[in-house]
Amino acid sequence: MSPQTETKAGVGFKAGVKEYKLTYYTPEYETKDTDILAAFRVTPQPGVPPEERGAAVAAESSTGTWTTVWTDGLTSLDRYKGRCYHIEPVPGEEDQFIAYVAYPLDLFEEGSVTNMFTSIVGNVFGFKALRALRLEDLRIPVAYVKTFQGPPHGIQVERDKLNKYGRPLLGCTIKPKLGLSAKNYGRAVYECLRGGLDFTKDDENVNSQPFMRWRDRFLFCAEAIYKSQAETGEIKGHYLNATAGTCEEMMKRAVFARELAVPIVMHDYLTGGFTANTSLSHYCRDNGLLLHIHRAMHAVIDRQKNHGMHFRVLAKALRMSGGDHIHAGTVVGKLEGERDITLGFVDLLRDDYIEKDRSRGIYFTQDWVSLPGVLPVASRGIHVWHMPALTEIFGDDSVLQFGGGTLGHPWGNAPGAVANRVALEACVKARNEGRDLAAEGGEIIREACKWSP
């Protein structure tokens, strides 16, 4: 047995500290179709060889610890250990490298994003031998994907439920996010839906505060949905935020939403947690509710370039845990992102099969097999003049989520919603006619304004 793959069972127990690379750095390893693969951006402490640090990440996120233990001899370390199988430099960064780690599938509980993250990122990020560590991407094998239900319904089923095809969906987050009474909140919902939006939305921190308890909000929003549907002849929805302090309370709110016969509820999946999110997703599938996901707290995890996790990892985790929509940032507006990178994880949310493409930040080919897709939500700081770019960049399978871009209209909420809908339909029509939205977008919208209701 080579020194890189030796186990304590094979050589006998010897107490003491041992270099990680002797056991966990295996450059000759050929990855298996059933392995979970991870790409870590590693910033080591000075003077530590990359092979040792990459092996340390593999060890501390799988079977290893800081010293040799005699109980290694009671199991097959070769079967269960993580392996650092490849190291590559990061262009333009002298003190960083990418460590590729393969984890055997037996290390993970079936259908549990919680367990997957607890194993891979739960402990190693505090490792003092590393200055910083970032999980850039994961390859989830088909064998593990098939243990997850995934989104409650997916893109096609949602379109069938709403009877809306051939264009992005339109939404608006009600503002001010905090302080409105339930009745005034419901009034704003009604005005936006009547004006032409498909959805309105609770802000992520609207739960059940003293100024507006959740049950009152649900009732007034349901009334707004019924009234706007009757007037427009279209199916409407409001993302009723079911996030709560306990899973039991969250489920109680989801049950009440179902009793009101509304089409969709919402969850803050990072602050609420993956276990709660998966439970809610299962309930939504069983009871015909769509599930909108907000990513509140994501920047705490993904903003730093050398530490934490990239959002593409959180997006993959959400597709496994379950959600029909998720906020995915945008490449215009006040939270502008890198276009190719953003579209890379948008494709990871929507498509069945995504090829490796490092220019878009995709480190591994990902096959989702039959797992339904998730609609990306473009939001934050967008307005009608962004519509040509949004239509061209995100395509039909997306939700364009306005806020001030609807409610800030000088004539009020309903005219703001009308402006959103007119601009969208004008851009979609022009695109379908073969016109260049990038060059003619402003003219297209100005022309549509002359004939708007």
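Cβ coordinates are placed from backbone N, Cα and C, and glycine is handled just like the others.
It should be emphasised that the depicted structure is a prediction, and the values quoted were computed from it without experimental measurement.
Annotated substrate binding in Swiss-Prot involves ASN123, THR173, LYS177, ARG295, SER379 plus, out of the candidates HIS325, HIS327, HIS409, the residue HIS327.
In the three-state DSSP scheme, LYS177 (substrate binding site) falls into the coil class. Max Cα-Cα distance over the annotated substrate binders (ASN123, THR173, LYS177, ARG295, HIS327, SER379) is 36 Å.
DSSP assigns ASN123 (substrate binding site) to coil in the three-state reduction, outside any helix or strand.
Nearest Cα neighbour of LYS201 (N6-carboxylysine) among the listed binding-site residues (THR173, LYS177, HIS327): THR173. Take the Cα of LYS175 (active site, proton acceptor) and measure to each of the binding-site residues ASN123, ARG295, HIS327, SER379: the nearest one is SER379.
Here the Cα atom of ASN123 (substrate binding site) is found 26 Å from that of HIS294 (active site, proton acceptor).
Least packed by the Cβ count within 10 Å, out of the recorded positions LYS177, LYS201, is LYS177.
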